[in-house]
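Feature annotation from TrEMBL assigns domain 'Response regulatory' to 9-124. Among the features that TrEMBL reports, 4-aspartylphosphate is placed at Asp60. According to TrEMBL, the feature domain 'CheB-type methylesterase' maps to 153-347. For Ser169, His196, Asp289, the entry in TrEMBL reads active site.
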Amino acid sequence: MMMTRQTIRVLITDDSGMARGLLRAILEDEPGIEVVGEACNGSEAVTLAASLRPDLITMDLNMPVMTGMQAIEEIMHTKAVPILVVSSESDAEKAYEALRLGALEVMSKPDYSPEEAAEFVAKVRLLAGVPVITHLRRRMADFVTPVIRPVEPLATLPNYRQVFAIASSTGGPQALASLLPALGAHFPAPVLIAQHMSDGFVEGMAHWLSTLCLMPVKVAEEGEVLQPGQVYVSPSEQHLTISRSHRVVLAKRTEKDIYRPSCDALLTSVAEAYGKNAIGIIMTGMGRDGSKGMAAIHQQGGITLAQDEASSVIYGMNQEAVNAGVVDKVLPLAELAMEMQHIIDLKPEGWRASQQRGTP
């Protein structure tokens, strides 16, 4: 259940008094939001989270006494509260590790611009109503970067026909961290990702995902030819699109663009480049981005999948596509990787026939 209380109570955590003051000033200008406390380190955040019972905590990562990472783990172990990581771009990789500990979203620290302030407020309003669960405390060994086993060179993988394009927003990094490792090392198709995020955090997310996956993960570069067994992440400063010659084309972002990067731009270009061999997957996230692109794939005879409501942090983008009638199958997050493999094994035509017969 989403929260129904009118006033959102926020605890701000940052060792910089200037940063705390800026966040407070932004939030106090907003109706229905109250800053109930400020913490200058992780230890204070843990104490105030227990005594003030805020609806949301903003959390910096690099702080004295107790880091933001340590505070997130402690808070999520004792009394789970929605946490928004608000940190610098230099902390990008740490920020995504914080999501594994239970934080809901990461963003760069806003400045005085109206656009960044509005984005910050929007995230606070949205995440304050997200149900969170207590996380078991993790062993120190869990934080060690896994050893990546050698994988077959891309050149030895079979030629691919299908391409998978994934659209995600709020809750997306956590969902991708579950989905991508389940595909294994030899998934015989390119996987393209448009994940909404703040500028400066893409490289950190790609590297974080690469430590979890057996497939290589990289930020897409202009002009490169798509390869099977490779995950391509869209930069946030540009929109990832694919040409009819199956090359990466990075489109410039304009002031009118609401979402960065655009899921619709990726999905639509994949529909045009691959037709019936395009597979679109729309996952957790707020807003309407991706629905038009899923419709384009659907109209071209491609396959469209959506993450279900129960496994989504926010059932927004995927709900829009489902309600538009452009999704072939809705699945829990835990079953998406298996469905992707079924599509590879059966080929699109065989997969569609299996759905008509009602077989899994």
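Using the three backbone atoms N, Cα and C, a Cβ is placed for every residue, glycine included.
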Proximal but sequence-remote residues of the same chain as Asp289 (active site) (Cβ under 8 Å, at least 6 apart): Ala167, Ser169, His196, Ile258, Tyr259, Ser262, Cys263, Asp264, Met317
Other CB atoms within 10 A, centred on the residue listed as '4-aspartylphosphate': 27
Per DSSP, three-state class assigned to Asp289 (active site): coil
